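S.K.: The following feature annotations were taken from TrEMBL:
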{"type": "BINDING", "residues": "GLU74, ASP117, LEU119, ASP120, ASP247", "note": "Mg(2+) binding site"}
Amino acid sequence: SMASPALLMRVVASAYSVAEKAATIVRNVMSAGDLGIVEKAGPNDLQTKADRLVQKSICASLARKFPKVTIIGEEELPTDDVTEDLIEDGHCEEILKKPCPAQYTGIKEEELVIWVDPLDGTKEYTEGLLDHVTVLIGIAYGGKAIAGVINQPYYNYEAGANAVLGRTIWGVLGMGAFGFQLTEAPAGKHIVVTTRSHSSALVNECITALNPDAVIRVGGAGNKIIQLIEGKASAYVFASPGCKKWDTCAPEAILHAVGGKITDIRGNPFQYNKEVKHMNSAGVLATLRNYDYYASRIPNTVKESLVP
């Protein structure tokens, strides 16, 4: 008889369906026209009705199925007012059929931490740059990002009225990542993807030092990692605090699952245990390939300005 799937695979399979539900909520809020925008820390730190509803949906849906898992979401919200229509009970059968990597078969619920960014790229969402937007569900064990789900609610949105909108990318360390075509950036080209709305003198000094052939400025950490794994950029460089654990957990798991690397600007790995501080205060450096090339060119002045 088939052994029942390992906990990790059940969590990932559920997170997949939960992310697809989240994408539907994101699209519905946009098409209804009232985004319900609230400024949090300022005009570049926004929260919309979609952020609020999606976080409630993701956290409540996963907590109902996996009550002992720690779930940390970006938005500070009351947990008691979740309506039944926000609950997603489904899972992706295809994921359940895949064997769990041996090192993760014995994981217990209380050992997992799930980091949720309900809508990564909120500012871009409010400005109609819909392809920048992602829903991020990252799964950590032993302080390390080991699995992740990234949904792009508006993937394909420029392909015309009959296009199927949205896609879900997922990955597990030791297994690989799925839902996209892994592509390397053009050999010998140094294309840097960086922030669109959180630029600074330090961010720009760091990029100039890399002497890139091109710089792409887009919103969202999830979106930037997708640029790397689809070969549109060769490095994601952000020499600034501001990025948080829920921004990097899911993208990190997917990037690492396909042999890439992400650290802070000083080369330190990120920690994802539940006690960790939420801010990635020493910035982000990520590549699919050639990490050392970029790491070796980050100026010391930049590293010294960013304290983990």
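Here the Cβ of each residue, glycine as well, is placed from N, Cα and C on the backbone.
TrEMBL: automatically predicted annotations, no manual curation.
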S.K.: Which of these binding-site residues has the least crowded Cβ, counting other Cβ atoms within 10 Å: GLU74, ASP117, ASP120, ASP247?
M.R.: GLU74
S.K.: Under 8 Å Cβ-Cβ from LEU119 (Mg(2+) binding site), six or more apart in the same chain: what's there?
M.R.: VAL26, THR48, ALA50, ASP51, VAL54, TYR125, VAL133, THR134, VAL135
S.K.: Using the recorded Mg(2+) site (GLU74, ASP117, LEU119, ASP120, ASP247) as reference, state which further residues of the same chain have their Cβ within 8 Å of the centre of those residues' Cβ atoms, listed in sequence order.
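M.R.: Here the nearby residues are ASP51, VAL116, PRO118, GLY121, THR122, THR134, VAL135, LEU136, GLY220, ALA221, GLY222, LYS244, TRP246.
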